[in-house]
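This report concerns only the one structure given below.
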Amino acid sequence: MAINRATLRQFLLQEYRTHGVEKDLVFLLEDIATACREISTLIRNGSFLETLGTAGSTNVQGEAQKKLDVIANEQFESHIRNCSRVAALVSEEVDEVTWLKDTAKAGDYIVYFDPLDGSSNLNVNLSVGSIFSIMQLPEDAVAGDVNTVLRDGSFQICSGYSIFGPATTLVLTLGHGVHEFTNHLATGEFRIVSRNMTIPEDCNEFAINASRFADWDAPVRNYIEDCIAGQNGPRGKSFNMRWTASMVVDIHRILTRGGVFLYPVDARNRAEGGKLRLMYEANPIAFLVEQAGGSASTGTARILDIQPESPHQRASVILGSRNEVLRIEEHYRQED
Ligand code: FBP
Ligand code: AFP
C-alpha cells in the first residue's frame, strides 16, 4: 500500500528551503534518526540478544547502568560521529564531555543526549525513549573546556525524542513548531504523522510519582490536593492521573492530549537539585513544550533560562498545559 506522507528527509529539506536549516544539521538529524531506529530494534529483540539486564557498571549519577543504556549510548555516539560539524557530546551515560574536535569553530554543534530515558521500564516490556538536544558553539568557544558546553536552553537550535513503544516515533522541533514522525515498518522510513502539535492551554490530567507525596514541598502538595478533591474541590472538576515512569512517554501524551508533568525538587532530591537532568532531559523537553504552546518551569523560574553549572546537573521540572503550569507557579509564589 502506498504511503502518501513526507519522509523525514523530505520534511528536513523543506525546513532547509523555508527556514535555512543547515544541510549539516539535516544530515545529523538523519543520523540520529538512524540511531533511534537501531535502538528500537535492539529493544524489540532484547530477549534474544541478551541485552536486557544490568551492565554491572554505574554512570556519573551513581545509577546502575542497564546493558541497553550502554549499547544505546554507543549507537548514538557512532552515528553522531558521521557529522564532521559535531564538536562535542554530552551524554547521560558518560561522565566527561566527549570532544570530537581539537579546535573550536563557532557554529559547530554540541549534541546533548539521554540515550535511554525511563530504562527501569525495559525489563518489564514497557515503553522507553531517547532524548536529544543540539546547540552551537559560540564565538569564544574553547575546545576541551567544559564551560563551552554550559549554555542555557534558549540556545537550543533543535531538540527531540524518540519513543520505542507500540510504534517507534520521532518528535522534533527546529524552532518552527513540533512535528511527529512514525517509523513505517514496510519502508523503514520515519514519515510525518502530525504537524504543529499543540498542547491545550487547560487540562484535567496530571503526571507525578505520587509515592513521593510525603517528600513534596507545600506548593506541589497543595496543587495535587486541589486536583484530587474533584468536582466539589477548589478546581470544580475531576482530574485523571497517569505516570509511566518514562518522561518522554508522559510528555508524548501531553503533546497529544494535554496535561501537566511534575518531577519537582522535593525533600528526597533537594541536595541534588531535583531528579531529572537539565541539559539532556529538562532542556530538550522544555523547548518542545514551549514550541507546542505549553510552559516549562522549575516552579519559580523558566527552565530554558537556567544557566547550567555542570553538564550533569539536575533541575526541578514542571511542564505542560500553560494555565496549569501558571497555577502551580502561583502556588510557589504564595509559599514565598
Ligand atoms: P533515567 O534517565 O534514569 O531513566 O531517569 C529518568 C526517569 O526515568 C524519567 O523518564 C521518569 O519520569 C522518572 O525518571 C521516573 O522516576 P521514578 O522512578 O521516581 O518514578
Ligand atoms: P480498558 O479496557 O477500557 O482499556 O480499561 C482497562 C484499563 O485500561 C486497565 O488496563 C487499566 O489498569 C485501567 O483500565 C486504567 O484505569 P484508569 O483510567 O481508571 O486509571
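Even glycines carry a Cβ here, placed using N, Cα and C.
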Can you find which of Glu77, Glu92, Glu139 TrEMBL lists as binding Mg(2+) 1 at the same site as Asp114, Leu116? Glu92
Matching residue for the Mg(2+) 2 site, where TrEMBL names Asp114, Asp117 - out of Glu272, Glu281, Glu290, Glu309: Glu281
Starting from the substrate binding annotation in TrEMBL that includes Asp117, Gly118, Ser119, Ser120, Asn209, which of Lys23, Lys275 is the extra site residue? Lys275
Taking 10 A as the limit, how many CB atoms besides its own sit near the CB of Leu116 (Mg(2+) 1 binding site)? 28
Tell me the residue counts in helix, strand and coil for the domain 'Fructose-1-6-bisphosphatase class 1 C-terminal' (199-332), as DSSP assigns them. 62 helix, 21 strand, 51 coil
Determine the Cβ neighbour count for Glu92 (Mg(2+) 1 binding site): the number of other Cβ atoms within 10 Å of its Cβ. 26
Measuring Cα to Cα, tell me the gap between Leu116 (Mg(2+) 1 binding site) and Lys275 (substrate binding site) in whole angstrom. 15
Counting Cβ atoms within 10 Å across all protein chains shown, which of the binding-site residues Ser119, Ser120, Asn209 comes out on top? Ser119
